[in-house]
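Asker: Would you mind keeping the following structure in view while I ask a few things?
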Amino acid sequence: MRFVDKLVDKQRVSQRRSKVSLIFLIFWTCLVLVGGRSLGEVNVIDMNGLFNTVSNRDTGTINTGNSIMANGDSVILAVGSYKCGTCESGYPFKCSEGTCANSGLMLNTDDLYGEVKCVEDNASCVLDGENARRGMDVLGTGAGTLTLRALIFKECEGDVAGGVSIENGALVTTVTIELCVFSNCRSTFINYGGGAIFVYSSGRETIVNVYGTTFIGNTADDENLNDIYRFSGTITIHNTCPSPYSSNTPIQGSALDSNTINGYRYSYSECYYSCDAGFYNQDVIGCQPCPSGQTGPTGSFDVSSCVDCSPGKYESSSVCSPCTGSTYTSTSGETSCASCAGGTWANTDNTGCTSDMTCTVGSGQAPAGGTCEVCPVGKYNGAEDDSQCITCPAGKFIPNTGSTAITDCEVCPIGRYSVEHAALGECTACSPGKHNANTGATLESDCLDCSTGKYMETEAAENCVFCPSGKINPSTTGSSSASICSDCQAGEGASNGSTECANCVAGKYGPAAGLGCFECGRGKFISTEGATSETQCSLCPIGKSSPATGLPSSCESCQLGRYAPAEGYAQCAICDPGTACEEEATEMQSCGAGSFSGAGAGTCTICGPTAIAPDPSTPFCLACDANQVANADRTECVCQQGFYTDLVANEATPVPKGVSPDTPGMTLQTLDLLPGHYRTNSNSTEILPCLNEDHCVGGSDPSSYCAEGYTGPLCAVCSSGYAAVGAGESLSCNQCSGSSTATVAVGVTFVVVFLSVAIIQLFRDKESTRGRLSSRLSSIDSTISAAAAQFDKVQPYIKVVFAYYQVVGGLGFLFGIKFPPIFSAVTSIFGGIVSLDFISFLPIGCMAPAHFYNTLLVYTLLPLLTSIILIGAYFVLHKRTDRRSVFLCNKLFEVFLAMTFILLPSVSIKIFSTFACHHFDDGTSFLTVDYSIDCNASEHTFYRLYAGAMVFVYPIGIPFSYWYLLWRQREKLNGKQREKEGEMSEEKALKEALELRAANEEEHQSLKALSFLYGSYEPKYWWFEVFETLRKLALTGFLVFLAPGTAAQVTISIFMCMGAMRIYAGCKPFVDENLDRFSEVAQWQLFFTLFAALAMKVNMDNENLQNRRYFDLILSAIQFVPVLIVTVTNFINARNATEAAKSLLGGSSNDDSGGGLEMGEITLLNPVPGAANAVSTREGRSLSKQEVELGGEVVSKHEKRRAQL
């Protein structure tokens, strides 16, 4: 059977079996025709109605319906075929001319949700595309779900889908397809399939659920995916039935031809099983009647369920009915009953005829006799014999025939009665004007007359009705008409059952006679009685209301949480969420930010400490996230103490070190920095310690991090009107004033005087001066010379101290460590002195620009200029041979070497500092030694090149010059000590080597100019000053390039220090054993200082304040060890010289022959030409100048070693 023919048969069967459905359909048709509509439901009977109800999309090229359907409505289709053209004639209606979206589309929706379904789940509501149009386009479902139920999409055709195309809209698209059929639909698009359904999702999710739906004969032109194409989104085929058939198991059909889908890959149908008895549902086209003479159980879905009607029954309208009276059927499958022949009647089961008079139960002998008849209404018979049927007792009746027992007799209902022997199928009704409120009445007198004030126009009444409002029945009983009720006058009324009229009470009025009293209505009141007009009703004032029921003689005040903003309110309005209303309120009072209220609140509630209400209309407080609290006005969640809001991650983040942990509500932009800390801008997460804690006052505003007088990165730049004194941690910005100029002048004068005295003393020729003095003064000068000799003796100690402070003075800058304040002050002062860095202690910036570039130029060019002058003078004097010229020549070279010794570390640090830039997280980069200089500027590129050139002059050039000068004289300086050590004892070899070096000095006067470099070392260690110079450079300037600012840099410096310690301990290079020990102490002191720096770098000193102070004091005390040793040594030597001078002035000399002065075991002799460096001991051996200067006999060092062994 063709599918279309089945549909036609389906309609014919439905017409035959469902009169109730037809009546229902006609009723809804009338409602539609007159514009009626049930709440939430829209009924349609043709294509025009369906299109104008569902379609709501307009793209300019698509016809749009009237969009009668609202979101959430149910559109109910009558049984029939829906086409875009004129429908075929036939049941149930003849479709009017249809309207569709366009030539290729029947229905189209946009963000529409609700339900479109057939009137019955097993009926035939067919959307026929006539092989020309797609059935439906769904573009979004808004905030809900669109359900298509029990629809048949037949011969629909479109590009990407024939039946239904589903795409997402502005929100999530959700479509449910239930109990539908897709038959012979086609997709014409060559690249995609989906003959029945096409699903597409772009941006928003598209979700499709399919239940109990059958797919038959669908095709796609790409010869693939004939049923479903899921381009994107989600479609799920369920193997369960929708409500209300959830407990049923659907029948699994053929496999679906589709691409990736969720759920099962089969067609499912037969969820409802709801065909009536005698019908079956096959091929999902609706219920069909069983073959003639057959019937079937309810819910049959196959013709095999139909069975023949048994003997004694016949088929009528697909239902087997029993034969009655003297009719019978003797075979199965009969469609009518046959009558028994004369003189016979049907047997008990009506399967044949018999001449026996025995009547079956429920029947009896006819009153005329000779035949059995079924007991009529009102009678019964329970015996199987020839007796007659029995009448029910009085007060009862039997509505049906064939009753078999007295229990079949039913009690007469209210308003009716049954007398004895009545044999009624229905009890007799009480007549109008009477009533009966009891059941089982047996007499007519049980029906009572209506009392006065009442009447009853109909029969079988339980109670009589009162006269209408405004009318009375004062005296008549048993009234059967309302006309017995007479009118009350205007302004009067009568209560139910009243026999006299009364004035309308307060709150009501009677507008005319006979109408009764009316309430004033919603929002009105009246305080007088007997009112005759509605105009006497007054509106309730604002803040009050009156309900629609009751007696509004006055208006009630609005309760808490309600208000009446205008007159005439029937009920006070409920206050909105976020507002509050007092009693008798006339308006809503906004709660305001930080508080909340629900609907109908009398007061607002302030949010708790961890919740907010940013919007006054908020009906509840919003809880803050973890580690957040509410701000003061409860409008915003802010971080609690110790946290700040990270805007990137949008979460509470622990504050970094340097940020106040006690400030709540911080964001990244409002971080409250502790004093002594800095960051580049309000979006920076890098919190940096300032070079000096006093320079940074902290706070949350990056423009005010710096204290007065300070500015720039790390607040390490002096503001305008201030001048820098010191550098690094010891930097201080002093306000420029007259005293600043005086300070600079005094400082410069002191430096000039100090250098002048030093130069005069240095270049004083003692030998030439001594000859011009008197004998007495000559003796004093000799004594002073002896004291000076004692100072010369401690000169090597001073060099060690200088070297130590030259290294330690720059550690804070090199390592980027903020040392404790006392230690920083001590090392800054000593470092400045030993490096001759007097300029940094003067407010030069008040008189001239004092940035680093100027300092670099002064510290590199001024020594060069001085060196050129000294070397020039040296070469001029070098050509002369007189004693004075030789003396000055050597002094000039000694000054040159001393100057390079003192300045090399500090100048090297300044040169290497040109390459040390601090890179900040905002992309800026500033010179570490002067944060006013931008490393990214072109000017800095020039100075980097200049500093690179100076590297070859100072850090490379000076050590190389030392080595070259010493290397050229190595044969004269080493005294062949190593060769001699192989031939004699170390002590003797050292003695002879010193004597040989002294002899070489006398022979080669220019050799003395180098004594600053080798004089304190044993001859075989003539090169040791070069090593010492490189050690200082390695621990100062070179460290700038080795992992700057990290713990690794400090660790490297410790390894360097330990290596140097090992060399010093292994070589013991000094002639003086005490000096070896002293230098070893200085090395250990440097080691402990570096170790303390490492501890600070890794935060090992993170102790309480008292412990940090102890650490500072101990670290500072270490720095005075070499100074104390030199001071004590110098004091002892000075005391000895003073005692010798007193002896000389007192004439206590024991040896006048030589004019000498005895000091201990050494006798200083008068100068003898050619033997200026020789003295003698009491043992008679000669001592070299170095032995005299270094404390006596050289052998003491090695002899003591031997003695110790």
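Just so you know, glycine gets a Cβ as well, placed from its N, Cα and C.
Remember, TrEMBL labels are computer predictions, not curated facts.
What you are looking at is a predicted structure, and each value in this text was computed from that prediction instead of being measured.
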Asker: TrEMBL pairs C715 with one of C706, C733 in a disulfide bond, so which one is it?
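Answerer: Matching partner in the record: C706.
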Asker: Using other CB atoms within 10 angstroms as the count, which residue among the disulfide-bonded residues C706, C715 scores least?
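Answerer: Least crowded of the disulfide-bonded residues C706, C715, by Cβ count within 10 Å, is C706.
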Asker: In the same chain, which residue numbers or ranges, 6 or more beyond the ends of the transmembrane segment (1038-1061), come under 8 angstroms Cβ to Cβ?
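Answerer: Apart from its flanks, the transmembrane segment (1038-1061) reaches 814-817, 909, 912-913, 915-916, 955, 1031, 1080, 1083-1084, 1086-1087, 1090-1091, 1093-1094, 1097-1098.
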Asker: Quick check on the domain 'EGF-like' (681-716): DSSP residue counts for helix, strand, coil, in that order please.
Answerer: 9 helix, 7 strand, 20 coil
Asker: Mind checking which residues reach the domain 'EGF-like' (681-716)? Cβ under 8 Å, same chain, six or more beyond either end.
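Answerer: Long-range Cβ neighbours of the domain 'EGF-like' (681-716): 656-660, 666, 668-675, 722, 728-735, 818, 918, 920-922, 924, 926, 931-932.
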